[in-house]
Amino acid sequence: MAEVSGKSFLPESLPGYTADIAGQLGLLWELIRVPLIAPLLRVCVYICLAMSIMVFMERLYMGVVIVLVKLFWKKPEKRYKWEPMKDDLEMGSAAFPMVLVQIPMFNEKEVYKISIGAACNLSWPADRLVIQVLDDSTDLVIKDMVEKECIRWASKGINIRYQIRETRGGYKAGALKEGLKHDYVKECEYVVIFDADFRPEPDFLRRAVPFLIHNRDIALVQARWRFVNADECLLTRMQEMSLDYHFTVEQEVGSATHAFFGFNGTGGIWRIAAINEAGGWKDRTTVEDMDLAVRAGLKGWKFVYLGDLQVKSELPSTFKAFRFQQHRWSCGPANLFRKMVMDIATNKKVSLYKKFYVIYSFFFVRKLIAHMFTFFFYCVVLPLSILVPEVDVPKWGAIYIPCIITTLNSVGTPRSFHLLFYWVLFENVMSFHRTKATFIGLLEAKRVNEWVVTEKLGDTLKNKSHSKSAAPRRSLSKFLGDRIQLQELGFALFLFICGCYDFLYGKNNYFIYLFLQVITFTIAGFGYIGTIVPSS
């Protein structure tokens with residue numbers, strides 16, 4: 001039997017043996033590449049191609065339906081009974097139902113005045129409106145500021161209630177659930193929810209409530225989000241592109257064809273009876289809004305999306321805040337799918353077609369496959385195929401289908417079409433975090449219930465730019481901890497190696513894409529994405 005020396009991990013009798021470690025590693029790679037690596041990678045390619053076809057068919061279906069909706073479908077005001085709210089001199093304010101406005105907050109120093117002011121300016125009889133500020137703030141100074149703002153509006157005749165809890169149990173879901181338990185809420189038929197950065201127009205209730213009054217089977221009316229800071233930086237422009245597709249296509253198609261979509265957690269008005277029938281707010285996942293929507297949908301309730309009813313809001317403009325938000329938005333749906341897939345499949349109140357739509361289209365493809373396909377195919381399998389020339393990725397899977405999918409995704413934000421290429425590179429970076437969060441949700445691993453409130457800046461930057469006091473220096477360790485992302489930098493190094501190999505020995509010219517992706521991962525790894533908030 002051939003001996004292995006202390007300086008070698010391969011038998012010296014192997015053909016092509018060399019004494020240096022680099023040569024031995026190269027020989028080992030040649031030995032395992034064809035019999036072991038190539039078959040495994042080939043299977044991965046087939047799986048990724050299957051996922052790409054699923055995502056492509058889903059996007060194509062959505063594209064066809066949205067065209068039909070825009071050309072032939074009637075607007076919601078025509079599909080459902082709807083009459084404008086009119087002031088009745090005889091009945092007075094009694095012609096208007098009681099509406100509860102809930103504004104959940106947590107240390108919202110920069111934006112609390114905006115949401116409270118917008119809610120207090122809603123065009124609705126003062127005696128038929130209850131505004132509930134659900135403040136879970138841990139900062140006593142901020143709590144005092146919010147309470148004083150509520151007192152200020154109450155002195156103007158607004159029925160506004162400042163509510164606090166002893167603990168933050170259940171986070172936002174817990175706050176909303178606790179808010180519905182107060183005695184004065186029993187008089188309310190509907191509840192509208194606005195996060196602390198949301199700014200509804202005064203006519204919001206007059207346009208949304210008639211759908212609930214005249215259609216007893218409608219549980220939810222969802223408005224579209226518009227973003228006041230979309231032009232703040234490239235990060236917010238990228239988010240606008242993704243979210244505009246969600247609202248312009250996904251929400252519209254779900255509402256028009258199935259009367260079902262996921263509640264967005266804010267900017268929508270619920271029938272309180274539907275919330276109660278569905279089992280109320282639950283904090284078992286980080287997407288309490290989607291959880292409630294699915295349970296209400298399984299009870300037979302219908303949802304209406306109003307694309308023309310728009311509410312202004314703020315996008316997270318720091319990379320740190322955006323990453324935390326995306327973790328919650330990716331982990332939560334995956335965890336909810338794990339918990340509810342059997343309940344959906346065995347439900348007897350909704351049609352088989354609707355169950356298939358919810359399980360396959362709404363959850364499986366959009367919330368699971370889309371993230372995994374993007375990450376594994378473009379950031380792992382395609383680069384590895386360069387190092388294993390025995391594995392071939394067909395052009396239709398590597399180029400043509402992705403280009404069509406990308407083009408279909410761009411329809412929501414035509415003004416940003418010129419940013420499409422940057423958006424693809426950025427989405428590939430974020431797919432790593434979304435895929436990781438998706439697996440955490442499916443496996444209920446650590447961080448599955450992590451809830452970090454998305455930071456809103458409001459006028460922070462404007463105020464700090466006018467401040468004359470010099471900011472203190474931050475330590476190097478804190479700077480590195482806040483900015484340097486080793487995982488992104490690790491992927492940048494991996495893709496750089498694959499790109500160099502393709503440049504030297506490849507035949508498909510993938511190195512052009514890989515080097516651009518390396519740049520994007522590197523920028524993300526050093527934290528130079530989004531707004532940089534100066535320390536105070």
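Placed from the backbone N, Cα and C atoms, the Cβ positions cover glycine too.
Unlike curated entries, TrEMBL annotations are predicted automatically.
Feature annotation from TrEMBL assigns transmembrane segment to 40-73, 357-387, 484-504, 510-533. The domain 'Glycosyltransferase 2-like' feature in TrEMBL is assigned to 190-389.
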In the same chain, residues at least 6 away from the ends of the transmembrane segment (510-533) whose Cβ sits under 8 Å of its Cβ atoms read 232-236, 316-319, 322, 378-379, 382-383, 386, 398, 425-426, 428-429, 457, 460-461, 464, 482-489, 491-492, 495-496, 498-500, 502-503
Excluding the flanking five residues on each side, which residues at least 6 beyond the ends of the transmembrane segment (357-387) place their CB within less than 8 Å of a CB in that stretch? 41, 44-45, 48, 51-52, 54-55, 58, 61, 250, 254, 257-258, 260-262, 294, 297, 330, 333-334, 336-337, 341, 344-345, 393, 398, 402, 427-428, 431-432, 434-435, 438, 442, 491, 494-495, 498-499, 501-502, 506, 508, 510, 514, 517
Pop the mean pLDDT for the domain 'Glycosyltransferase 2-like' (190-389) in here, whole number is fine. 94
If one takes Cβ-Cβ under 8 Å and requires six or more residues beyond its ends, the residues near the transmembrane segment (484-504) are 379, 383-384, 386-387, 429, 432, 510-511, 514-515, 517-518, 521-522, 524-527
